[in-house]
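Q: Here's a structure for you.
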Amino acid sequence: MAAPPCAFSSRGCRLFAASGPDGRLRVWDTAGSRLQHEYVPSAHLSAACTCLAWAPAGARQPPGKDGPQRKKRKSEVAEVDKQLDILAIGTAVGSILLYSTVKGELQSKLDGGHDSRVNCVRWHQDNCCLYSCSDDRHIVEWNTQTCKVKCKWKGDNSSVTCLCISPDGKMLLSAGRTIKLWDLETKEVYRHFTGHATSVSSLMFTTVKPMNESKPFDGITGLYFLSGAIHDRLLNVWQIRSDRKEKNAVMSFTVTDEPTFVDLTVSEVKEEPVKLAVVCRDGQLHLFEHILNGYCKKPLTSNCTIQIATPGNDGDSTPKPVPILAAAFCTDKQSLLLVYGNTLQPIIEKVSLNTSESHICLVRDIQKVLSLKTDAALTKVKTPVVNSDTKVLVPGIPGHSTAVKTPAAGKEKKKNKRKPGETEESIEERLGALDIDVSKVKTPGGLPQTDSFAVLLVQGLESNDAEILNKVLNTRKENIVKNTVARMPIHAVIPLLHELTKRLQGNPYSASLMVRWLKSVFTLHASYLSTLPDLIPQLGMLYQLMESRVKTLQKLSRLHGRLFILVTQVAASQTVQEVPEVNQTAKLVYEDDSSEEEGSDDEMIADKDSDENWDEDEEKEEQSDEQDMTVEKEVNGDSDLEPENESEEE
């Protein structure tokens, strides 16, 4: 999630502006942390504020919506010039709003330049000129007097995320991932720089004069500038040289997390060091102090780190960290303005620099400070002082009167109406009484979409809600898993891996589902994971877990093979036993007695193949054959042939 846009005014950081998550613009006085202005754009929800920029000192006021006004006297003009502060507000729909803190209203609106989200706005030293860049890959030069586009050109092949104008006002730095230096007269690229692996979020010039004063100065050659990017813990320093060959950074500063707000003191003399204040996403402030004198191989670490924590009193002995939102150097360069707390009601404090200590922890009781601020606030409500005997007539019924309670009676504490022994209902019971059934709420498409899965996953990881995580991580569809991992923010990858590692050690069924998520994370975010310097300690437990599982894989596969053979053999023997025995005796026999010769041949074959056991059966068969022959002879009339046949047989 991106940090809310905020900026200090150019006149000694007198004002601080920030746009909160509700889309409202709030402006505080840094001297007393008092809220001076609160502006709600008409489309603050659909066209949220994306970037802020204060007009430089001496800027002319853009024309108002009221038309021409009367000519002011010199004293009035001088007074307005001291107070005039114009704030440029970039929106998510491509328009730019110009807000005046003197009048407390919107001065003008710049439309027609961008078709997409405005990522950065920068004022030129020329009073009526403003530059902006957008996701539509274009850079626009605005005339704030006429509220029209002065010039528009393509800045990059992808979205342009940051701008910075050179000290002499003749060059413009633009950055998406690569950094380009433009000549504002010709609108042509003067130099290319390598840039960062991710989108650049900050660009600043650190010097106004070259360190080598022997050569003539053309306004840009020899100057240094600083760049920082999202999800990158290194801030790079680049030098603009006369030759076009050198495109890499000359040095870098390392911080603990992604930089969200950067401020520095510009070096005007060769021996003067550059002081750098970097606020990170983890709420820490890192201070650097270095003399820019050429190439430096190793990244430079901070001279001092500042953190803010609560004292840990009032029943809670554990101090809690308080995030630092922004920091800016004062005009003396020896003190800092710190903005900490939350964007809705921040606390602004001036702190003197002491870089002799490498780590400073400031203990601040935020609740006490905020309560003092609310008590000191002026109120216009006054309670009249009346006597106890005074009666006030109430309008409506004539003659009816009611007694007014004295202020002393109002200060008395209310008696506790709760009966003794009765316990107060918990918040869970009160919410249950509302009878809100989340399961009855259905999305129009049935299952949640991939975008909502990614949002739910991030919310579950941040709040450590097991119910949300189970709902998302127990998904079986490969397509939903891949799309969810692809659309989740980069900073949630490591917490997701930690959660997957924890779940891999549990139920084997759950572990099989977690493997799908691991595969998608390593496939889609391998490039990001390879850039992490502390990747080995972050994923050490996961690596050991996977290695232990792989070691037992070979033994388990062997055991699986043996068990498979045993199970198949047992199953085969059971099937054999269950099959009934087959009766092999013939149920029908057919004998062919077509001719006597064939019959005699069959009898000869049967006599040869017969055994001793067949003797008794042969006698019975001969008797039956003789009877059959006599019957046939009587039928056919062949009785004359019987003597011949008998002689032949003898």
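Keep in mind that glycine also has a Cβ here, set from the backbone N, Cα and C atoms.
So TrEMBL says this about it:
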type: REPEAT; residues: 111-146; note: repeat 'WD'
type: REGION; residues: 397-426; note: region 'Disordered'
type: DOMAIN; residues: 464-565; note: domain 'Small-subunit processome Utp12'
type: REGION; residues: 588-650; note: region 'Disordered'
type: COMPBIAS; residues: 591-629; note: compositional bias 'Acidic residues'
type: COMPBIAS; residues: 637-650; note: compositional bias 'Acidic residues'
Q: Using DSSP, how many residues in the domain 'Small-subunit processome Utp12' (464-565) fall into helix, strand and coil?
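A: With helix first, then strand, then coil, the domain 'Small-subunit processome Utp12' (464-565) has 85 helix, 0 strand, 17 coil.
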Q: According to DSSP, how is the repeat 'WD' (111-146) divided among helix, strand and coil residues?
A: 0 helix, 18 strand, 18 coil
Q: Can you give the mean pLDDT for the repeat 'WD' (111-146), rounded to a whole number?
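A: Averaged over the repeat 'WD' (111-146), the predicted model reaches a pLDDT of 91.
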